[in-house]
Each structure stands twice: as C-alpha cells, then as structure tokens.
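Features as listed in TrEMBL:
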type     : residues                           : note
DOMAIN   : 32-351                             : domain 'PRMT5 TIM barrel'
DOMAIN   : 361-491                            : domain 'PRMT5 arginine-N-methyltransferase'
BINDING  : Y386, K395, Y396, E457, D484, M485 : S-adenosyl-L-methionine binding site
SITE     : F389                               : site 'Critical for specifying symmetric addition of methyl groups'
DOMAIN   : 558-599                            : domain 'PRMT5 arginine-N-methyltransferase'
ACT_SITE : E569                               : active site, proton donor/acceptor
ACT_SITE : E578                               : active site, proton donor/acceptor
COMPBIAS : 648-717                            : compositional bias 'Low complexity'
COMPBIAS : 852-864                            : compositional bias 'Low complexity'
Amino acid sequence: MEGPPPFVIGHHDSKRSLPVTSDNIRDAHAANYDMVTTPITTPHFHSRVLSLLSSSLSQHASVAGEDITKTKNASPIVVPALTPADTPLSPGDSISQIIGVTSSWVDLSSPDPIIADMSQQVLRLELAYAAFCGVSYVIIPGSRLRGRGAADSGIAEYARAILDGLSQGPYMQLYIWFPIIDNTEDEGDGIGDLGSFVRQQYSDFDEAGTKRLDVFGSWEAWDMIRSICKYPSRLCVALSLPKLLPPTPIQSRWYSEPVRIITLDSKVFSKNAKGYPVLSRAHQAFISRFVSLRTPPWFLLCNVGPIPTTTTTNSTAPAFSATFPSLAEAAENQHIKDPTPQLSYMRNLQAKQPIPDAIASFGAGYQDYLQAPLQPLTVNLESITYEVFEKDPIKYAWYERAIARALHDWIEQGKPTSNPDGRVVVAVVGAGRGPLVTRALKASEDVGVEIDMWALEKNPNAFVLLQRHNETTWNNRVNLVKSDMRLWRGPVHPATSKPISRVYNTDTEQDIDVDVDVDVEREKQPNTEAAPGESFTGSPSLDSTYLLATAPTTSSSSTPYKIDILISELLGSFADNELSPECLDGVQHLLNPVHGISIPASYTAHISPIAAPKLHADIMHGMTPTNPAAPETPYVVMLNAIDFLSTTTPETSTPTPIPTLPIQTSASPTSPTAAAPMSSTVSSAPNTKTPYSQAHAAHAAHARSSQQPSQQPSTSTPAPPLPIPIIGTTWSFQHPNPALPTPPKDTALSNSHNARSTTLTFPIPHRGTCHGLAGYFETVLYRGVELSTNPNTMDAKSEGMISWFPIYFPLKTPLTVPDNSELSVTMWRRTDDRRVWYEWIVDIFIYLSSPSSSDDSTSTNTNTRGGKAPPASGAEHQGQGRKVRIGGSELHSSEKEACLM
C-alpha cells in the first residue's frame, strides 16, 4: 500500500565550518538528513570585498550632487575574480548532495548604485563558479523590502541581477529566499553587511517614508521579480516561516507559487510539556497542505545545532519511532537525549501524513497539467479515454439513481409509454463503452420497471465493444444503433406486434409475480418483433429497421416511435464546451413531446478569476512557441496550485446558496426527497421500492458506516478556514429545450439560439495577479440528483467525483489587481453553425472617493453572488465613489481552436 508522502529534509547552519566534505555528507545521511547547505564563498572573500569597498568609496564621493555612476562609470569598483581561498567548493561526487547559498551580506536592491553594482558582481561570481562545480540548486536571499513592501525597494535592480544570474548556469535552479511576510526585524544590517556602507545621500532616501507591516509585501516583490524575468521555470521560491503564521489569504497566495523549499528556523519550534520541540497546529496544517502538491517542497531546518558525527552516534540512520520517543518513554527515561530533535519531529510529522486515497492517487499525475478539450464529434475516442471516465466512483452511481427515480416517477404518475407494448423507451445517445447502458438496465431491475433499451454510438471501434457487451453481459436486451445522434430517425417497432398490458405494483412480491406473468405472456405470442439485441448495422437495402434509423423514408412494416427517457453524458468541463446543447437539440425531435425526460435535465456554467502562475508559465514557454493560439485556448486541467482572487471570509461569507436539503454522507448528493417529494403512497409504505437503485442504497449505507468512526475525536491537524471563492454563473441550458426554434421548411436549423453572453463582476479584497479564469459546471440529472464541479457546492452534491476537471481560460498577459478593486469579466459563447468557440475579456476597476462620498467610500463591493455588476448611477457608485478602469486584457478568442460541429 502506498505510504505517506516522503519529506526531503536538509540542514542549514549559517555558521557552518568549511569546507563541507564527503564525511560531513555521510554524517548528515547517518543522522537522517537528505542534504546540507554550504556557502559558495568564504569569510576570506567577504573580507576582501569589504576592504575593496571601504578603500574605494572615498574616491567616488559625490561632488556637487554629481553621481559618478550616472555620469562616468556605472561600475566604478570592480570585484576581482575568485581565488582558491575565496571558495570552499570543488567539483566532486558529493556536490549533488549540497545546496549552495549565496552571500547574505550583499544588497542587490540597495538604493546606492555602487553598493547594488558590487552586490551584483559578487552574485555573478558566485553563481558562475557554483555552476562550474556542478551545483544544481542555489538559494539567493530575497530583496530587502525595508518595511515598505515592494514600493521603492529597488525590486527592478534585484530582478535584473537575477535575470543575469539565470544566464550564469543554464541547468541551475535558483531559489529566492523570502520570508512569508515582510519583516523588517530580519533585515537589519549586520557587521560586514554592504548595506552599512550606503552613502549619505542614499541613506537619507532609504530612511525616508513610513515603515509598515505589509503581509503581501514579500509576495508582491516575488511577483515583480518573476514577471520581469518572464516566468522562468528555473526560478522558484524558498519560503521562510515565522513563529506566528499570517492570515490564510496570504498563505493561500503562496500556495499557488512555485515554493520548492520551506525553511524552519529553530525559533519557529515551541517546546511541549516535556521540553521537546514541536510545531503549532497551524504550522502542521500549512505543511500538510503544501506536501499535497504535485511537486512538494523540500524542508530546510535552519540553525538547529550541528550535525552529529558518526563517532558520537555509532549507528546508521535511526528509525522514526526510535529517534522520537513517546511521552511515556521520555518520562521513564530522563536520560534520553536526541541529538536532532527537530529532525526527529519532522520525520514523525511525515509518518502522520494521511495516506493518499484512491481519488488523490488518481489525480496526482494530472495536477496542473494542461489538456486540450475533447472533440468528441470529430474524433473517435480511444478506449483508455473511456476507461478514465469510467473510473469515477460517483458519476455513474448518480446517473443510475437519476434513471431509477425517473422510471419510478413514470410509473407512479401513470404516464403512457411510447412503445405500444407498454415498456418505457430508454435511449442512451453517445453510449461509448456502455457504462450508462449497464446502469440503466440495473436501475430497471431494481425499480421493477421494464424498459425498451436503445444504445446509440457513432464510434465504430466502441460499437464493436458494445456488440460484445450485448452478447456477453446484457443478454441481448439492448437495441444497438451505429449512427450520429443528429442523423438518427429514432426507435422502430414492427407493425404486427400486439400491445401488451403491463401492471406495475409497488409491492415487492407482487412485482415479481407480475414480471413472471409478463414473461409467460410474451412466450405465448408469435415472435414477430425484432429481437431486442438486434444490431442495426447491416446494409440499408437488407435492414429496414436501420433504414428507418438513418434515412427519412419509412417502411410500411415498421412503425417509428418516440423516446421516453433520453440519457447522455455529453457534458464537458464547462458543461457546454463539448457541444452537448447542439447534440441534444439534434435528437430532441425523437423525445416524447409530452412526457419525455432528458438526463441531464439542465446545466449551468460558472467562472472565477484565479492566480495560476504555473499554468501561465507552461503556456508561455511550453506551448506558445509551437502554437501561437495557445494563449487563447481553453484547457481542461485539474487545478491545484492556484489561488482564488475573489473571495470572502468564512465568518462573513454568503457563498452560492444550495438547496436547504439534509446533507447525507460524503458519498451521496443532497437528498432528492426534499427537492422532489415522492407520492404519499411511496413515502409511507414500509415495503415500497425506493426511487433509486439498490447499488446506490448499498453505496450510501457503506458511506454511513464508514463515516461513523470519524465522529470520534480526531487527532489529525485541522486546517485553518480557507477563504471561500466567489463563483459567478455565466449561463445555462435546459433539455428538452422549450425554446428550440422550428426550422423553416427545407432549411437546416440555425444554431444561433445556443449563443450566450454574460458580464460578471468580482470583488477583489487583496492585491494579486490574474492569470486566467477557472471554469466549472453544475448539472441537474433529474429532480434532486445533481453533479457539480463548483468548489462551493461539489461536496454537497457529488463529493468524490473525478470525471471532470475544471476548465481554464488563460490570459495572454497577466493582470495586476490592487487591493479592494473590482474585476469584470465579459464572456461570449459564439457559433457560426459549423463551430462553437468562446471569447472573453477582463477589466480592472477601482473606486475613487469623491468629496461627497462617505468615509468608507472606497470599501470593497461585497456582492458575493459574483453574477451581476453592482448597481450604479451615472459615473458615481452609491457609497463607493467614482468607478475608474485602471487596466484590462485584450479580447481573447478560441475561434482557431473551436469545437467542430
């Protein structure tokens, strides 16, 4: 069985003795560390640079306000090349086990251009030599924000130095070491720091302004750096955690970034009652969330004491349980002394991580992986694609439940069937490999309602498998048709067949007796109707039924009839993006016009703006060079390392409302009984068959039993409440479509009625960068049975469903959105009767306070619906001042990658 995700843990000591030898590496491995850090240069090199700087500054003092870096020489002081005494590194076998750390005494973002230039020279020398030695990973201290966030902090100078550094080692990963929030206490100029040599005129500028705590300051600096460097894949983040974690919005923001190392100083750990170092519950939850990423970060324990040598341990790497004594062991053995208590704690935290369940294991390889949407009407899918869909533990169980309920309601409400023999006509259009056919037959058996089963599939390869299933699994109970559903002429019935009277009773025992009587009656009649398992795939000249199914002519010996229940699984990640409306419009004329049921009955599409730097980088560097239309193509992707920009807090939020239905177990959707009450006879009879299948009942019972232990007190670490995303509704479709136009005679039906457009407004509480839009959908299969990929409703409606990943609408150029701003999305679903595509545009607005505005005129619009623009009167927004557009995207169109009809 797959175990908890492994932790990669390293050791960092800012006062480590040099050089780091092979023996040091072996000691680290023996202590259960995976790697160690080493400075790239020695104190000797530091002294040389300080001596050079102090002796040269007096020669380059400003004269009458003149700065030599602007008038004569931008690099007046040249740092000499490295000597053997300047660096402890040498190429060797152990070089792959270390992480290089550049000098922390430089100041790449110094306001003094001479200090900044010397710092950049030092960085180039260190990176060039590290790359020569074969060092693959280098940590670079982040820019100094000086308590003013990213404003006026020399971020551009710092980013330019990093851009040069990336060219020094084409195979080297650079990790910018940032604190999770801007902390001025950690930026003091130490002894020998180049920042202490800043000239007076620049020192005055550096000290000007008000210092403030900006929780988004570090992130904003990182965002500017990687934007200037154009999102390189080799530039990542090393994130330092403080003793007290910041609010969850900034934690979620860092979760979307390429954090590859998390550093934990000894000061971050607290001591428990026995004096053992532990992390707070908030830190544990933070770590647990990050290790669930597709690429989990490494951990670096900083200043936690020296690595024990093999001469003192006299053993190999101890087991987790042996190095971390329990409380009882510690109480009984006071002499136990763990030389690496923080490391032992982290190893135990690793062992306590939850083992990935089936859903997590299935999705691990798909996290943040961009996939082009399917073209099911023009491309015949492979078997493996169908197989992925069929692994979903929820989707088909919910479909079976919807079918069973529809059959039950059909009989309970006394609806006449379209088949003259009294059976309910059920058709699966787009049957694929047949999972819905199996579910429909099972639902029929469970409810006790006989059906006339039809299955339609255009994929000739999948149709071969359907024929085999009909012979080996379905006992030839299914009528198979190989055709495009839009060309199908519907089911046919031999004219010589006589109607059969069927009586359905809700009593279980009587149902069995009636079924037997019906079977006997069928045996007594002449076998004049077509065999239920007949596949209508022969020559039209020989197969009159196939002719009726695919051609406008009719046969006098056979009678076409309507479909009572039409089942399809044509939904895409955005509901309508795989042309479900167009396909079902083409087959709607075959549906019983009075009582016909479509499963699904309706669906809606939803969007929300997100920060997704990884997806943007993948499109920019991995797809655009070969496909210029890549930045305007919607992608199916299992979103993971993202951050929702429009959110509300759990305490004050009013997320998208869901029906006030009793929430069942995690394996079942909201209760259909409250949404669509059954008749009094059904609900009161103790022996009545329920309107859903036995499979679902067993599934729900198992979920209830498995949930009971979870009601006991849990020892797992609860995650802090995360911000709730605001998800806006774009548009919806209904089937059967009551507004489907009637085409003019001898004229094809236009698809203009399936065009849609919407404008949504999203409040943005915290600054961020919008890289695109996340798309979701919700669908009502049948009354009370729903599926959802909407993050706000999926757990209540279809928890555990994995058939559909969200859709991602990218932006060519990321948009910076400020605090308390508003983001407007305008989106279109367009068609030219041959293709369907999407267009979208994003605009950013802020509200400027006016003299007549109240003190809170710049407050954020708290419209949590996300589906309508706030009310406005002229140019003034009541209570918010004047609305001003400060930026926006160009119009994006996926027409070049349109879905073909």
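The backbone N, Cα and C atoms fix where each Cβ goes, and this holds for glycine too.
Structure with TrEMBL features highlighted.
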residue: Y386; record: S-adenosyl-L-methionine binding site; Cβ contacts under 8 Å, 6 or more apart: G432, R433, A462
residue: F389; record: site 'Critical for specifying symmetric addition of methyl groups'; Cβ contacts under 8 Å, 6 or more apart: K395, G432, P435, E569, S803
residue: Y396; record: S-adenosyl-L-methionine binding site; Cβ contacts under 8 Å, 6 or more apart: E390, P435, L436, R439
residue: E457; record: S-adenosyl-L-methionine binding site; Cβ contacts under 8 Å, 6 or more apart: G430, A431, G432, F463, L466, L480, V481, K482
residue: D484; record: S-adenosyl-L-methionine binding site; Cβ contacts under 8 Å, 6 or more apart: L377, K458
residue: M485; record: S-adenosyl-L-methionine binding site; Cβ contacts under 8 Å, 6 or more apart: V429, G430, L456, K458, C583, G586, V587
residue: E578; record: active site, proton donor/acceptor; Cβ contacts under 8 Å, 6 or more apart: P373, L374, P376, L570, L571, G572, C899
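For the domain 'PRMT5 arginine-N-methyltransferase' (558-599), the list of distant contacts is 373-374, 376-377, 389, 395, 399, 402-403, 406-407, 410, 415-420, 424-430, 432, 436, 440, 454, 485-486, 488-495, 544-545, 548, 605, 634, 636, 733, 735-737, 740, 749, 751, 754, 775-779, 781-782, 789, 804-807, 829, 836, 838, 899, 901: same-chain residues at least six beyond its ends, Cβ to Cβ under 8 Å.
Each of the recorded positions K395, E569 was scored by the number of other CB atoms within 10 Å of its CB, and the largest score is that of K395. Under DSSP, residues within the domain 'PRMT5 arginine-N-methyltransferase' (558-599) fall into helix, strand and coil as 11 helix, 14 strand, 17 coil. Of all residue pairs in Y386, K395, Y396, E457, D484, M485, the annotated binders of S-adenosyl-L-methionine, the farthest apart have Cα atoms separated by 24 Å. On the 0 to 100 pLDDT scale, the model's mean across the domain 'PRMT5 TIM barrel' (32-351) is 85.
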